[in-house]
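Visitor: The following block contains the structure, expressed as structure tokens.
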Amino acid sequence: MPTLSEYKALLAADEVAPTILAALKEDSRIGAGKLLAAYQRRQAHQAAEEVALRYRSRYERQLWGTYEYVAGLDEVGRGPLAGPVVTAAVILPHHFQWPVNDSKQLTAHERNVLYPHILTEAIAVGIGVADNRTIDRENIYHATELAMAQAVDHLRVAPECLLVDAMHVPVDLPQKRLIKGDANSISIAAASIVAKVIRDRLMMMYDKIYPGYDFKDNMGYGTKAHLAGLAAHGVTPIHRRSFGPVRDRLRS
């Protein structure tokens, strides 16, 4: 009879023989029952993730019948008082299997785990940035459009079609706009993760350059700590002067 440690090693394999599972089921040891239960939970979780991934790739699978290269686009940072809007365009391979989802539904740790896998396995990734001066000059919506067009232009493989989270990208390509696209498309979800990780890291860098605003935690959003910093220290070069609280501080 295998030891529990041997069973544990066998259950960690990519494929587990039915005879192993049958033997575990017949094993009267409490530890054997726990190992089997844990394995079954992992299998159920994996099956659920596969179903969810298939659901979130339904738009890609529809388009892949016509287009080889479909890019998903998303933005991060339209609402903050400071920092840029960051956009990403991602073309995924048809066999992509990582459980990407709306970046807002993931923890920072989960995003940081998925981020390198997206960069490594994607066919192409493009980044666009609209800084606070562009946002103040163009308005936030148009600045985001420009950053999305920039992200498409930075793809090393030209996309044939775009999936976009509820916006129009000013480029001459077929595009489908999806409401809550980052929760309904793996390509948009991957783009949201890439954009979020890049912007968060940028704001953490700005926190060191401009201490006193808590950028490392609020990422430029108008939190109590950020507003207190704005009142105490004034407006930094990365603040959006067209946004109400910043504009009010400039007038005070």
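Residue 1 is the first one shown; counting continues down the chain.
Cβ coordinates come from backbone N, Cα and C, glycine included.
Okay, so Swiss-Prot annotates it like this:
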type	residues	note
BINDING	D74, E75, D165	divalent metal cation binding site
DOMAIN	68-252	domain 'RNase H type-2'
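I'd like to know what surrounds each of these features in this structure.
Guide: Annotation note: D74 (divalent metal cation binding site) sits in a strand segment as assigned by DSSP.
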Visitor: DSSP secondary structure for D165 (divalent metal cation binding site), reduced to helix/strand/coil, please.
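Guide: Note: D165 (divalent metal cation binding site) is in a strand by DSSP.
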